[in-house]
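Student: Handing you this structure, nothing more for now.
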Ligand code: HEM
């Protein structure tokens, strides 16, 4: 009995691929990888602060669709359909040129060694740090997919129209807790959103600060199709600083997306929003921990997948 139990434990450990990721994965094979990525991210964010937000979001949109395997980076070809035309991605995700540039620099120092999936994970962390946020130890050793999944991208990336129950369920399907949901949503302390994604919230929802609604309506006309692409900051107070203002905004009923304000709407997550608003150190700690958990979603490891030579296409 005891031995069959230990066999079971060993099997479980072997099945959990995240156990194979390690913070020192490249310390022998590519000791310059981390510094190369960091320098490129820091330069890109200095050029355009929003790029930090865009790179962070790419890692999220990668991990939620068949795991953190860089599937989001694959371009469509005549014979291959990737994830970039999925509704949550099209006309919205950005940063591909920066990722291609980072990959080229990393290939120059260590050919065929560092995966695009790991570059996304490290770039997300370095982006947060470049904008003044917390750091964490990124686990490494992911490999890149040879496939992508358009229909999974449409079904598994949460929509801004979701309510708290459906947001919680979408995260639970990826093994993420309610705390992870609230902490990771704090990523919306940086970056921009298009009018079409917050129009319903500022015109139709009741849990909205009236002055905030008026402010955002000024550049987001009520009629669908009018000014759909007009941009507004997700964090109305400090859009290019990675701080905890996202949560103080929620307390003031000034979340930009319906899904944001759902986290402070009289439900089970109100308490955690209050905690993160009052205690930035708790937010920073939980955000880093949740990023590590998200980065562990179904990685390809060992001999699975490949190390792509260019992130936008399979070898
Ligand atoms: C909780 C469910 C989430 C929903 C419904 C959601 C939805 C959205 C939407 C609709 C936008 C604006 C896109 C546009 O208008 O083009 C956006 C932007 C963004 N999201 Fe989320 N998101 C969620 C969670 C996350 C998570 C977990 C992260 C990262 C950890 C993240 C990071 C970002 C960032 C940084 C931006 C700004 C990107 C930029 O300016 O380029 N989001 N999100």
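Each Cβ is built from the backbone N, Cα and C atoms, and glycine gets one as well.
Automatic prediction, not curation, is the source of TrEMBL annotations.
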Student: Where TrEMBL shows 62, 65, 67, 69, 71 binding Ca(2+) 1, which of 48, 83 is named for the same site?
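Tutor: Matched candidate out of 48, 83, per TrEMBL for Ca(2+) 1 with 62, 65, 67, 69, 71: 83.
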Student: Since TrEMBL lists 235, 238, 243 for Ca(2+) 2, which candidate among 189, 275, 279, 281 does it give for that site as well?
Tutor: 189
Student: Spatially, which candidate from the recorded positions 30, 110, 116, 243 is nearest to residue 62 (Ca(2+) 1 binding site), comparing Cα atoms?
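Tutor: Looking at Cα distances from residue 62 (Ca(2+) 1 binding site), the smallest one goes to 116.
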Student: Where the criterion is a Cβ under 6 Å from an atom of ligand 1, which of the binding-site residues 65, 67, 83, 158, 189 meet it?
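Tutor: Among 65, 67, 83, 158, 189, near ligand 1: 158.
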Student: With every protein chain in view, how many other Cβ atoms are within 10 Å of the Cβ of residue 83 (Ca(2+) 1 binding site)?
Tutor: 26
Student: In the same chain, which residues outside the set 62, 65, 67, 69, 71, 83 have their CB within 8 A of the centroid of the CB atoms that define the Ca(2+) 1 site?
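Tutor: Nearby residues not in the site list: 61, 63, 64, 66, 68, 70, 72, 145, 148, 149, 153.
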Student: By CA-CA distance, flag whichever of 67, 158, 311 among the recorded positions is nearest to residue 238 (Ca(2+) 2 binding site).
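Tutor: Result for residue 238 (Ca(2+) 2 binding site): the nearest of the recorded positions is 158.
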